[in-house]
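Reading through the structure tokens given below for one structure.
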Amino acid sequence: MKLDKSKQKEINKICVVGLGYIGLPTASMLAIQGYKVIGVDIDEERVKTIRDGKLIINEQGLMTLLTGAITSGNLVVKTEPEEADVYIICVPTPATADKNGKKCDLICVLSAVNNIKPYLKDGDLIIIESTIPPKTTEKIYDDISKNTGKNIYMAYCPERVLPGNILKELVENDRTIGGINKKSAQLAKEIYASFIEGNLYITDSTTAEMVKLMENTFRDVNIALANEFAKVSTELDINVWDAINLANKHPRVNILNPGPGVGGHCISIDPWFIVGSSENAELIKKARNLNDDMPKYVASLIIKEFKEMGICNPKVGIFGITYKGDVEDTRETPARAIIDYLLQNDFEVSIYDPYAKDFEYPLNTIEESIKNSDALIFLTDHSEFKNFEKEDIKEISHMMKNKIVMDMKNTLNHNLWEEQGFNVKLLGDGKSWIVKTL
């Protein structure tokens, strides 16, 4: 969609604060549409990298988009904001521990708001994309109005994209835009309409905040149900994957897949923002705690299984540490806690992940993680793992001390591995585990 030149006169400059997974693609997209964009990030190294035309995240198509935005002269990146007509805040909102579990830490959002306050003028529009608890936009708006005396517009428009497919979803996905008032929502809609092909739905800011939290909480609660089914199935000698497949034949049933836990910057965090906003969020809290406990359950299952098999101080290859398949993102990954538990119980761990770049523990080659190992533990469903062929598996079998595979995401072609003499243990398949209950 091309930029309406009449609107370009109204909005001469946009300042995007936070140049991470969401901010950088958004800033680049707006610049390509013809807006003058100032991209701001407090990380000097990140700003330098972007200025040099290099990627800070591995995202398909982003290099081309970023290069076009910079060479057009429409995108300039800095460490400090400057006067603009629109400010879009795309900074992290992590969760920190509190008495109820976890709570939203707004320090980055509030810092971003404070940094732009000196540049605000009457008629400016502030848009928050960061995930925040209900009523946060209202509170920030009231604070700005009280402490600056400026008559501004303000809206909340949460991102709704999947790492690994950000640019496509940034353009094609529907968006919810919540304004402090109708004029704020309408102004924000005009900005997003310049590049979004999906539908744009207008509401108030508090509803929009809740919408984002509901989307991710829905998935978290349903994953918790699947994980509980996996635990029960293990106890009852049932294969949960077969049971889920058959249950989903019902036209009104769609059970999600179980796994070793929930990770990423959204689903594992956002439900806590509802829990912290209401005492009635009992189911949400229980589901979140269940998913948070899955890494401990998985690690305990592994530890006890090795004891039952009589293998002491086992060496295991951990295959996959990112929070989901085919991405490099390790934020909130359940693999972290699983590895911690194994190391605390005298396991020797060698980690291989074809996507991850940085992690708390050393990353090794695939050969290093296989050689002389007692088992391979698959925690992430990368395509590379799914595509292991007969000859690959045969070669792997010759390198290992014991032929054991533990598949926590139902990633592998189990028949191929069993043909090569592997003992395959699948999360949620009671028949494959010696240990049934913890």
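The backbone N, Cα and C atoms fix where each Cβ goes, and this holds for glycine too.
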Swiss-Prot annotation, NAD(+) site containing Tyr21, Ile22, Asp41, Arg46, Thr93, Thr131 - matching residue among Arg331, Arg336: Arg331
Annotated companion of Arg160, Val161, Lys212, Asn216, Arg219, His250, Arg252, Gly263, Tyr323, Lys324 at the UDP-N-acetyl-alpha-D-mannosaminouronate site, Swiss-Prot, chosen from Lys78, Lys409, Lys425: Lys409
Binding-site residues: Tyr21, Tyr323 - member with fewest neighbouring CB atoms within 10 Å: Tyr21
Arg331 (NAD(+) binding site) and Lys409 (UDP-N-acetyl-alpha-D-mannosaminouronate binding site), Cα-Cα, nearest whole angstrom: 18
Binding-site residues near Cys266 (active site, nucleophile) (Cα-Cα within 10 Å), from Ile22, Asp41, Arg46, Thr131, Arg252, Tyr323: Thr131
Among the NAD(+)-binding set Tyr21, Ile22, Asp41, Arg46, Thr93, Thr131, Arg331, as the record gives it, the longest Cα-Cα distance in Å: 22
For Arg160 (UDP-N-acetyl-alpha-D-mannosaminouronate binding site), the three-state class that DSSP assigns: coil
Cα-to-Cα gap, Arg46 (NAD(+) binding site) vs Arg219 (UDP-N-acetyl-alpha-D-mannosaminouronate binding site), nearest whole Å: 32
